[in-house]
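According to TrEMBL:
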type     : residues : note
TRANSMEM : 15-38    : transmembrane segment
DOMAIN   : 138-197  : domain 'Potassium channel'
TRANSMEM : 142-160  : transmembrane segment
TRANSMEM : 172-192  : transmembrane segment
TRANSMEM : 199-215  : transmembrane segment
TRANSMEM : 253-276  : transmembrane segment
DOMAIN   : 267-335  : domain 'Potassium channel'
TRANSMEM : 283-303  : transmembrane segment
TRANSMEM : 309-331  : transmembrane segment
Amino acid sequence: MFAHSHVLKTGPPVVLHFFVICMVILYVIVGAHVIRWIETSGEVTQKKPTLAQLREENDISTRTPRQTIYQRSRKCIINAMLQINNITKGHADAYNTIVLSELDFCYLKDMKTRDLQTGCQTREKRSDQLSPVKYETPSDRWTFMNSFVFCFTLITTIGYGNVAPITFSGRLFVIIYCCVGVPLAMLTLANLGKFLSSFIHFCFQLLITSATNFFKNRRANRVMLHPHILVTGPDSDDSYSPPSKDREDKCDILDYKLCILLAFPIYLMAGSLILINYEHLDYFEAVYFSFITLTTIGLGDIVPESDSFLFVTTLYITIGVAISTIGIDIASDYLKKLHYFGRKLKGVGKVKIWFGGETLTLIQVVKNLGDHFDVPSEEIDNLDLDDFVDQALKVEAGKADSLRQKRHSDLVFGGRPLFDANGTSIFDSIGFADERSVSSKRPSLTSQV
């Protein structure tokens, strides 16, 4: 019966979270097919004249330097022949010497021109290779994997940028797609982060409990093996006093946050070891890709290329982004403490507290709590919440004692408080029936003297 009721309580939230995850996966798959269809159908008609123009420009760019070099060489040779006729005036020896020198000059000039032209073409080829835009067909660019990664990085705000829509319809689709997908993905990542946080906390508690039990059992076995040894000192059981529960909770929270912060680099380095097995990356490139991706920077210089392990890469990125989100939340908490360090608290009653999917301000919680314990409304209205929270923080930090006020008026007898405001008991004014008889029978000290 208890198990059945437990399933009924925990079942709907788990089903809801599973439904949200399935909806995100379906949303990415549908978006990949839609953007692929838009870009491949609209880009073909736009790219055909562009490719023809590129071929024509390429032919012109290769034809024009050749014609220019030919005209320059021809002019150089004609000028050289005219100078030869004017200088030699028919002498054969002088003619041969001058002809060779002039033709060598034209040849060297032509070689320098060709070297300059070749250098320009080489630089153009290098710039084309470094440019992310390549002359390829839309179907080669918008494969299903590229489309899936594109939509996934859109809604997770990673945004590699290795492929991008160039049509009007594609860009309009991206705007509408992100308006719905980004909040949905952020909600899913937040829920996943909560589950991962609870799982890490559970593993941390299990590790601490196992280590504690191990050392306790080891110590007990040691005492059983050597019963004649009496363990004394500050570590002995007689002088040992267990720490308070509040202190244990504080240490637990501190270690828990530290454990979550350490989980991110461990996950990053472990995932990089998996990536190098199916991606064409060395270990440092895998670590670089993981850090850029999991922190949602997304430069796009390195992107996943393996179709067979696309699901593994997507799962790795999703969990990593959720862990990094938890780490950012923890870091933001410490930044808030640094921001409010040394400042006096103001407006504490207006602070909103989340209870499930609803919010209540602190003053609303205090008023309802006072009504529950039948505290007069005047005392609630006169309560300075700023000072109260400040004192409560000091108590939790160990800088002050408990805020509980010890009042004699809390003890009631017969509808009347046992003690008044001055601490006088009501029994001081009450006389007993046998009090006079007892006092009359009792001998006085003065009579005996």
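Just so you know, glycine gets a Cβ as well, placed from its N, Cα and C.
Just so it is clear, the model here is predicted, and its values are computed rather than measured.
The transmembrane segment (142-160) makes no contact with the transmembrane segment (253-276), as judged by fewer than three Cβ pairs under 8 Å among residues 6 or more apart in sequence. The predicted model assigns the domain 'Potassium channel' (138-197) a mean pLDDT of 92. Residues 197, 200-201, 204, 208, 282-283, 286-287, 289-291, 294, 312-313, 316, 319-320, 323-324, 326-327, 330-331 of the same chain lie 6+ residues outside the transmembrane segment (253-276) yet bring a C-beta within less than 8 angstroms of a C-beta in it.
Per-class residue totals from DSSP over the domain 'Potassium channel' (138-197), listed helix then strand then coil: 46 helix, 0 strand, 14 coil.
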